[in-house]
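The annotation region 'Precorrin-2 dehydrogenase /sirohydrochlorin ferrochelatase' is assigned in Swiss-Prot to 1-204. Sequence annotations record features per position, and here Swiss-Prot assigns region 'Uroporphyrinogen-III C-methyltransferase' to 216-457 based on sequence analysis. Positions annotated as S-adenosyl-L-methionine binding site by Swiss-Prot: Pro225, Gly301, Gly302, Asp303, Ile306, Thr331, Ala332, Met382, Gly411. Annotation comment: Swiss-Prot describes Asp248 as active site, proton acceptor, evidence class sequence analysis. Summarising the annotation, Swiss-Prot assigns active site, proton donor to Lys270.
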Amino acid sequence: MDHLPIFCQLRDRDCLIVGGGDVAERKARLLLDAGARLTVNALAFIPQFTAWADAGMLTLVEGPFDESLLDTCWLAIAATDDDALNQRVSEAAEARRIFCNVVDAPKAASFIMPSIIDRSPLMVAVSSGGTSPVLARLLREKLESLLPLHLGQVAKYAGQLRGRVKQQFATMGERRRFWEKLFVNDRLAQSLANNDQKAITETTEQLINEPLDHRGEVVLVGAGPGDAGLLTLKGLQQIQQADVVVYDRLVSDDIMNLVRRDADRVFVGKRAGYHCVPQEEINQILLREAQKGKRVVRLKGGDPFIFGRGGEELETLCNAGIPFSVVPGITAASGCSAYSGIPLTHRDYAQSVRLITGHLKTGGELDWENLAAEKQTLVFYMGLNQAATIQQKLIEHDMPGEMPVAIVENGTAVTQRVIDGTLTQLGKLAQQMNSPSLIIIGRVVGLRDKLNWFSNH
């Protein structure tokens, strides 16, 4: 280990930055956030430093560097574009046993600045030891996505509860289980974010007083249309906290690779016209796992409330008194259209969008007359096997045969395939495609040649 990671208490302690440009300004922000009593020395300063000085937030010393500026300092930063001056600052600090950071010169520095994820009081620092700042930044960005923005408020509140929790729960195991419940409780986090004292008190009392072997909960999570990058941050957080993940065929392998490693995985894949696991059995799986006290994630492709039967599953849980929540996902219509260069609405071509299930059941005739109207976009989910019927019905109700259509297979994935044509060709086009596919019908499809960005990558 070349560097020891430490967190310094700098509040009301003298610190010095030598340099008055943009780089020095970024370092100054960090020290000001930490409450340091900051002096900045340079021949000239960018306007931000002047504004801070006018507000009484720091002291400016205009002129050449004077080593006496270090006499009362706990920490120094050399942030000029003059390598010789930076080296002089570093040597003067070293002689006084003051830690000094030299920007872009880690070998000349006695400490380096990490990439920081700030969820105060929770802090995470990432460093590559100065060898690859870009790598450290990328890791920080990834960690940022994993740590909810409200986490700091929850951590601060947990500190206030420590005494009571110690009195309430006799063993370390009981306390650990309580803290695990508290840190994943979305209602408490939201209440803290909203400063809703009544809800904070109610939720805290419920968590403290309920038995530790309480029933579990189910979180319905939309996995998006395929590209793992389209999974929401909250969806990612939920699948990494799950004890059990119940997932279907439309959830990509890339997304399943993000699931917590020791979570149980239950596959309940479905295909149009055939159910690997009957819906009622899926409902019972969710119920059974939650009743064991487990945190269950029901992971569905797209958005669970758009042709995902999410409402049916939640009704079962509601009737059994099982707590549940929902994390929306990007629905296939949005993802597939965007990755195909087809805007669902357009000022000149479509003022509305219809999302329609392609599972056309006997006795469930659609309103084809309204669907055939102009100035709208039709998106058929699971309509591949019914493409010829869709073509026939729309033409019978006076939709022009030259109306542009597109079929998107494996939308947003690297294996995405799109074919387009006209309504009179829809049935034949569908024979060339495989499930999962989405059918888009409307004038907006004509913009695909101009706006198709994804296939050009």
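Just so it is clear, glycine is given a Cβ too, placed from its N, Cα and C backbone atoms.
The average pLDDT the prediction assigns to the region 'Precorrin-2 dehydrogenase /sirohydrochlorin ferrochelatase' (1-204) is 90. Largest Cα-Cα distance over the residues recorded as binding S-adenosyl-L-methionine, namely Pro225, Gly301, Gly302, Asp303, Ile306, Thr331, Ala332, Met382, Gly411, equals 16 Å. Its Cβ placed at the centre, Ala332 (S-adenosyl-L-methionine binding site) has 28 other Cβ atoms within 10 Å. Here the binding-site residues are Gly302, Gly411, and the one ringed by the most other CB atoms within 10 angstroms is Gly302. Its Cβ placed at the centre, Asp248 (active site, proton acceptor) has 20 other Cβ atoms within 10 Å. DSSP gives Ala332 (S-adenosyl-L-methionine binding site) a helix state. Within 8 Å of the centroid of the Cβ atoms of Pro225, Gly301, Gly302, Asp303, Ile306, Thr331, Ala332, Met382, Gly411, where the record puts S-adenosyl-L-methionine, the same chain has further Cβ atoms from Gly224, Leu250, Phe307, Gly308, Gly329, Ile330, Ala333, Gly335, Cys336, Tyr381, Leu438.
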